[in-house]
Amino acid sequence: MLNRAMENSDMKRNSSTLLDLPVVKSSLVVEAIHMSRKKLGWYNESRRDSETVKARVEAGLSEVKKSVEELALLIKRSNRSAGFQEKDMEVLKMEEKYAEVMRVLEVVKEEVSRVKLDVSSVLIERVAAEEKVEELRFKTEGGLRLLESLKKEIEVANEEHLMVALGKIEALKGYKEIERQREGKAIKVLDLLVERNKRIKNMLEEAERSKDIEIELFETSTDVEMLETQLKLFKKMERRVQGRDSSSMSRSNRSFGRGKYSLSVLKEVTEGKKEELASVKVEIFRVMTVMDALRNEIIRARDETACLGKILREDDVKIEKLNSKILIEKSKLEVVSIAEERISSLAENFVGSLEKIKKSRNAAKKEEFLFKEEKTVTKAETQKTKLDIDKKESELNSKLDELEKVKHTEALVLEKLESLVEDMMESREMESEHCSTITISRFEYEYLSKHASQAEETAEKKVAAAAAWVEALKASTKSFLMKTETLMRESEMTKAEEEREVFRMERSLSTKRLVEGEIQKIKRNSEAEGYISPKPVGKFTPVQRGKPRRYSSVGTPTFFVIKKKKKVPRLAKFFSRRS
């Protein structure tokens, strides 16, 4: 049985090492640790019970051994005794003792078989506890792998957060550079517009002066034309007046001289006006060239203002795009910061749970080491008990053989005694026919009186023992009922704790799924293109799940109720009392 149980445990351990267990949560690991601790307690209790049963069996075997030795001594005494009636009584006692010894041997065999069953059940429980320890080890490794994956996800989220912050800084730098360029271009455009306005004002002033000059030129030209007409009229009059007299000639000469002088003055004035007109024409030509240049400058300024307007509009579009990108990055940054805070809180929780798992792992290692030591000790003890049981069985078999031989001899002696008793009975019947009294020996009289008193005492003692046994049975039933009630309460409490642990595990799984979903959304939003209007990020609501059904847990303890057996009677005292 023990070898098979050990082989099964080795096979299960090898199969468990070959399996790849999935990643589990810390709450499952803690629950498994609690269950393993409970099973360790149950194993220790069952081991203590098996040790007590073993001690009882050893005590019973020692008592049986003593009783067998006493029987052997009594057999020797019976063989050595010389009295025939004493041999008869001792033979009867030996038969009773033999029957009692056989009953005791049957009880001892039952106890030994029960001890073997208890040892096999304890070994099976120990194998199950070792399997639980292996499962705990794999679960702790899975928790460590989960923590490493969470750390990697946190590092990736931190890198994304840094990338978003760097993109925000670069966008702000570009925005500032564009604003600076825009301000510089606006200042240049304003300077150009001021210069052009000044030029336009100067050109308008020159145009007004040219208009004044044109007006003066027109007036001078009208004066010149009038003088020319007057000169023509004067020449006509001079031709008419040539045929008149000398008196009139002198007057005309004088008037002619005056007209000539005025004509010369007019000529000089006209020449000056002509020069002024030429200079005015030159000035007008220069003004026209300047006006053409101003027109060209105005056209070029209009083109430049249109280009600057386009550039400003493009800059406005770029600034709007940058503002939208900044808003998007801000929203992403807020989402990433919220996710990072949640991941950091989860990481702290997982770090705490990992520390608990490490502590429980160390405790499990210590318990495993203690299990191994206890395993070796129990192996040695079981081997010793097996050897002792085999030795005691061989001794019992030898004693039984001796008892069979003694029984055979006693049967022969009984036959002889029966023949003698029949002879005595016949002789006494023959004597009783002649007289009303029967003569018996003093030994027979004393034996019968003692036997009657001892029978009364034994009957009274048996009645008292039966009453005490009934009381003890009632007390044991009460204690058993109390134990069953406490065990039922403990089982209900353990079921409630298991349900709470399952609920916590599902809640932690839902939060982890939500966090993973948010991280995936952030990744998809960062990869997606186009403008996304920033919206306030709401709180994450945990997913409500249905309450788990109450199933009977696989790890419910199996309680071994060891009934109180009747104590092996001390045969030496019984025989001494009977004798």
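Glycine is treated like the rest: Cβ placed from N, Cα and C.
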Annotated coiled coil segment (source Swiss-Prot; candidates 235-271, 383-419, 531-567): 383-419
Where Swiss-Prot places coiled coil among the ranges 188-216, 333-361, 420-448: 188-216
PLDDT averaged over the residues of the coiled coil (481-501): 74
